[in-house]
Amino acid sequence: MMTGAFRYLVFALAIVLVRCASLETEKLDQIEPIPKVYSEEEAVTFYNNFNEQIKVYCNRNSLARWNYDSNITDFNLQRKLEEGAAFAKFKKDSWQELIKYPWKYFNDPELKRKFKLSSVLGTAALSEDDFKRLDTIISDMKSTYSKAKICSFQDSTKCDLNLEPEITELLKVSRNHEELRHIWIEWRRNSGEKVKETYKEYVTLKNKAAKLNDYADNAALWLGNYETEDFRDQISALWVQLKPLYQQLHAYVRRHLRLKYGEEVVKAKGPIPAHLLGNMWAQTWGNIVDFMLPYPERQSTDVTPNMIKQGYTPLKMFKLSEEFFVSLNLSAMPESFWEKSILEKPTDGRDMVCHASAWDFCDSMDVRIKQCTVVNQKDLNTAHHEMGHVQYFLQYKHQPNIFQRGANSGFHEAVGDVLALSVSTPKHLRAIGLLEESASEADKDAEREATINYLFSIALNKIAFLPFAYQMDLWRWDVFEGKTTPENYNCHWWRLAEQFQGIEPPVDRSEEDFDVASKYHIIADVPYIRYFVSFVIQFQFHKGLCQAAGQLENNAPLHECDIYKSTKAGNLLGSMLQLGQSKPWPDAMEVITGQRNMDASALREYFAPLEDWLRAENERTGEFIGWEKSDKCEFLIVLIFQFGLCLIYLL
């Protein structure tokens, strides 16, 4: 028999055991369930479903953006914002599921790459309110840019001059430096100056999105797209490689501008005034070739007059470009392309974004171009550039959505330009009847002089562009990283323009101005270093394709190569385009060039005859190479100093 004390002890122990069991149950209830470990097979099923859904959302978003950019109305803006928000929500919801998969440990390299690229959410990582606000800001800035108009220099009551085509044409033909200065100032007053406050908020939201994607800032996110840790160093090294050629071109052009406008306007050792270079942003100088061609008595390779004489239309220009691609055994445009593209500016008075652009509607069928085409050689080259984008779309349309993009952004920009290098050769222009046979073709001196003229004309657009393309994103990287604050936006831009381009504004500038935002890509949220990359690698591609076409045998010069009708070159190019972004860009580059790095050697080889000629000519005329410091964005410091002295005096 149990004593009373013993029974009490047993009862107490039983209570304790029951209570402990209850506590354990409570603890177990509080423990989160172990997350499911997804297999690679389940990941394949998930991603295939995700890929089909994202194509639908992407298509609807692209259609809404097209409708707005081609007809700027409040209704189209609202639809664009709604579709953009819906697309962002889908990507964010899908991303939250996608990151549950242990993709870093997948065995299938293609599946692993799909998840890796899809794991960067971009601006969709923002809250719904922040995303809508950012989208609205960009749309408002684009609207300001697209609707900007200026008054005529000759008639101050005529205030309906658009950037395209009126202002662009004036910059091309006017040689009145006061009129050019008026155009330069007024465009910036009516575009960039109006968005400075808005741009500050844009920077804040872009950096917020980058941090939500585990990047330090938006500069790091943009650079991360190139999948190369030392990408900035590579770009810097390329500029070092290119700078000597640019400086020789700069010195020669400055001399002829000085001869044209006088020492008071263009200093012998100073930066070039930006308004004199024939382009709103001084990014290309081809429009001023008429008074500085090395050998003006030789035949011009500008075929604009012949295009007009032969009845060229925007449609005919794009058909000519299509025929070049088809001659390489690449794809013709689908019929819907010709039905839905906008190839010239509508005459119904609508406001639209006239900046040339190529569009992929994410369904492997619908591709378009929007371009306010003018019949001239410049726009013929632009047509080939935009058609190059579309050819890329068509070649990688079989890839999953995440791979339907260029190996890097510079690849996409380079494709059409590679073909334009062939199209612009005198040999090709003669073959298609746009350039007459030269009577002095057999004359070696005449042939050499014609070659210098041709390369000089190309250099005014290709070489002059390089520092501009570099400094555009140098400025933005500094802004996103916080190195450049809003109080220094404008002067920092002009410090870079002086350092790299060797140009200065035609009048004093201050932080009341916002000149960098007079350029579309700044306010439209389009990274620009892709164009610098493109202008380098297109010459690498050109050399690789020319070798495949057998055009460089017996030391034939690179600048004379025309790959027209070479199916070997076309098949090689197609094999690279079909990869899309399924492989890192060095793999894609190796397909055509045999190289895995960006290298400016092919570019220097292409322009070698011109570079030798420029060096000799600049030595002959005693031209100063480089430029001395400008003071056009330092006057505010002087004013502040003078104000301080006045204040001290009054006190």
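The backbone N, Cα and C atoms fix where each Cβ goes, and this holds for glycine too.
Every protein chain considered, the tally of other Cβ atoms within 10 Å of the Cβ of His521 (active site, proton donor 1) stands at 18. According to TrEMBL, the active site, proton donor 1 annotation covers His521.
Taking a C-beta cut-off of under 8 Å and a sequence gap of six or more, Glu413 (Zn(2+) 1 binding site) has these contacts in its own chain: His385, Gly406, Arg530, Tyr531, Val533, Ser534. Summarising the annotation, TrEMBL assigns Zn(2+) 1 binding site to His385, His389, Glu413.
Residues annotated as Zn(2+) 2 binding site in TrEMBL: His385, His389, Glu413.
When Cβ atoms from all protein chains are considered, those within 10 Å of Cys151 (disulfide bond) total 16, not counting its own. If you look up TrEMBL, you'll see Cys151-Cys159 (among others) marked as disulfide bond.
According to TrEMBL, the feature disulfide bond maps to Cys354-Cys372 (among others).
Positions annotated as disulfide bond by TrEMBL: Cys546-Cys561 (among others). A sphere of 10 angstroms centred on the C-beta of Cys561 (disulfide bond) encloses 25 other C-beta atoms.
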In the chain carrying Cys372 (disulfide bond), residues 6 or more apart in sequence that have Cβ under 8 angstroms from it: Glu164, Pro165, Glu344, Lys345, Cys354, Ala356
Candidate with the highest Cβ count within 10 Å, taken from the disulfide-bonded residues Cys159, Cys354, Cys546: Cys546
Task: Out of the recorded positions His389, His521, Cys546, Cys561, give me the one sitting nearest to Cys159 (disulfide bond) by CA distance.
output: His521
Query: Out of Cys151, His389, His521, which of these recorded positions is nearest Cys561 (disulfide bond) by C-alpha distance?
result: His389
Message: Can you give me the Cα-Cα distance between His521 (active site, proton donor 1) and His389 (Zn(2+) 1 binding site) in Å, rounded to a whole number?
response: 17
Task: Run through the Cβ atoms and count how many others sit within 10 Å of the one on His389 (Zn(2+) 1 binding site).
output: 21
Query: In angstrom units, rounded to an integer, how far apart are the Cα atoms of His389 (Zn(2+) 1 binding site) and Cys546 (disulfide bond)?
result: 20
